[in-house]
Amino acid sequence: MKKLFLFFTLIFTAFAANSGLFDKKQTFLKVDDAFAFSATLSTDKSQLQAHWDIADGYYLYQDKISAELVGKSNPLSLHTQQAAELHQDPYFGEVKVFTHSIDGIFRGTFNNADDKVEITYQGCTEGFCYPPETKVLRIGDLAVSQEQIVEKTVEKNTALLSEQDRLADGLFHSKWAIFGFFVLGLGLAFTPCVLPMLPLLSAIVIGQQQRPNMMRAFSLAFLYVQGMALTYTLLGLAVAAIGLPFQIALQHPYVMIGLSILFVVLALSMFGLFTIQLPNSLQNKLNTWSQKQTSGAFGGAFAMGMIAGLVASPCTSAPLSGALLYVAQSGDLFTGAVTLYLLALGMGVPLMLITLFGNKILPKSGEWMNTVKQTFGFVMLALPVFLLSRILPEVWESRLWAGLATVFFIWFALQMSKNGFGYAIKIISFALAMVTVQPLQNWIWQTQTTTQSAVENMPVSQVKFKQIKNTEELDRTLAENPHSIAMLDLYADWCVACKEFEKLTFSDPQVQQQFQNILLLQVNMTKNSPENKALMERFNVMGLPTILFFDQQNNEIKGSRVTGFMDADAFSNWIEKLL
């Protein structure tokens with residue numbers, strides 16, 4: 001019995017030992033369990049957002065992750081939020097790998113539901129390496145994510161929030177914030193896009209045959225501002241709904257030339273060459289309300305205000321961008337319309353006050369009124385120069401201003417008497433005419449030196465931007481960025497504030513010093529090409545100027561976007577926060 005017991009004990013011990021040997025055989029997870037993959041689309045369909053959940057002890061090779069649209073040769077580059085780690089791999093040597101979950105994006109245009117994206121990746125674990133894994137995804141089958149990964153950024157920049165974002169957030173959190181836009185409009189009244197509206201309003205109120213009383217002057221100014229506010233509001237909503245192509249269409253050379261001709265005709269009428277008026281039959285019906293569609297008529301004031309809204313609308317500012325951003329994101333057209341209206345109304349109030357008080361301090365009606373009217377005719381001629389400067393080379397802008405100033409000073413000198421103080425003013429006016437005519441002399445007689453000619457054709461800022469033509473070139477350039485951040489300037493020839501950036505901000509020595517640590521990129525949006533449209537849709541650009549900043553992972557830095565003009569000091573401080 002003892003021998004039998006010993007026999008069975010030895011048998012079970014042997015099986016137990018063998019069982020332990022089998023237990024030492026290592027088991028590995030299936031590839032979908034080791035690297036659980038999922039993908040979604042961004043709301044604007046410009047990003048395919050990929051996510052991998054990596055099991056403990058496993059890792060993905062960074063350089064083995066790739067993607068492309070099936071049937072198209074261009075690969076899609078991956079931008080990840082997480083930094084890869086260095087790893088000594090027994091198969092590939094020292095490589096960069098991901099050992100935890102990955103959130104990344106493939107940028108492109110994913111509007112066609114039938115398109116397919118092929119994503120390939122490969123990973124390993126200790127003692128075992130998986131073959132490359134390929135996923136083929138149909139665009140139409142992907143869910144849409146409500147969050148864009150591109151908006152995330154590194155920790156040091158989370159405190160940044162651009163002014164337009166703060167304003168848009170304010171509208172989301174409190175509808176009472178719309179009244180703050182009226183105050184912001186007061187400040188915008190003194191920007192280069194709105195100030196040219198002052199002479200037009202002054203010409204309407206003051207430049208008429210008889211000096212208006214205070215009530216009539218207020219009514220004219222008020223109607224002018226209402227016309228401007230109405231146009232500004234409607235165009236703002238159109239830009240928010242349609243996008244930058246609508247804004248660019250308003251800046252087409254045909255539109256600029258047409259408006260310029262209109263202002264020239266109005267200016268000539270102020271010189272008394274002719275009178276613009278409605279047919280007699282219609283005048284009798286409308287009576288005094290629209291007896292003359294020249295300066296001083298209520299209908300003319302409102303119409304000129306609407307035209308002024310066209311002139312001012314292309315200039316993008318932070319308050320305007322904030323309102324447009326709110327409309328685009330919320331779809332709340334009513335709040336957006338009220339916000340834009342109050343912004344435009346704030347812009348018009350200072351113009352009204354300046355015009356009203358200017359009208360009040362003038363002496364009573366007399367012969368001087370004709371001189372004042374003709375003076376405002378010259379002022380109105382400045383508006384075509386302002387408009388044409390958006391589409392003409394910079395050298396022609398200076399020639400047009402020189403010609404207008406020269407003619408004005410000669411005319412003004414001829415108005416002065418030959419006695420006493422008037423004679424002194426006459427001499428000074430002729431002297432000023434001789435100074436202002438110099439650019440025209442240089443042009444006609446070709447007396448410019450080689451240096452002057454070179455300066456005319458050289459960008460004012462002398463900052464060297466790498467020109468970008470499309471999204472693919474942008475992605476490649478960002479991937480090769482040797483600096484900590486990259487800056488993308490969206491520019492157009494018709495954009496007045498863009499030229500201000502070039503002349504006043506980018507030329508600043510402090511800003512240029514900071515630019516040495518930044519990859520400088522620029523896209524010319526003047527022609528609104530298909531490539532321009534793709535960039536505009538990808539980054540949800542509301543207007544120009546717009547400047548974007550990207551981090552080392554080639555993602556746009558949240559809250560860093562600049563829209564509207566920013567002076568050198570403010571821009572330098574802004575960059576300092578990013579570096």
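Note that the numbers count up from 1, one per residue, in the order the chain is shown.
Any Cβ shown, glycine's included, is placed from N, Cα and C.
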Given ranges 296-316, 485-505, the stretch to which Swiss-Prot attaches the annotation transmembrane segment: 296-316
Disulphide pairing with Cys124 per Swiss-Prot - partner from Cys129, Cys193: Cys129
Least buried by Cβ count (within 10 Å) of the disulfide-bonded residues Cys124, Cys129, Cys495, Cys498: Cys129
Three-state composition of the domain 'Thioredoxin' (449-579), taking helix and strand from DSSP: 54 helix, 24 strand, 53 coil
Overall pLDDT of the domain 'Thioredoxin' (449-579), taken as the mean: 81
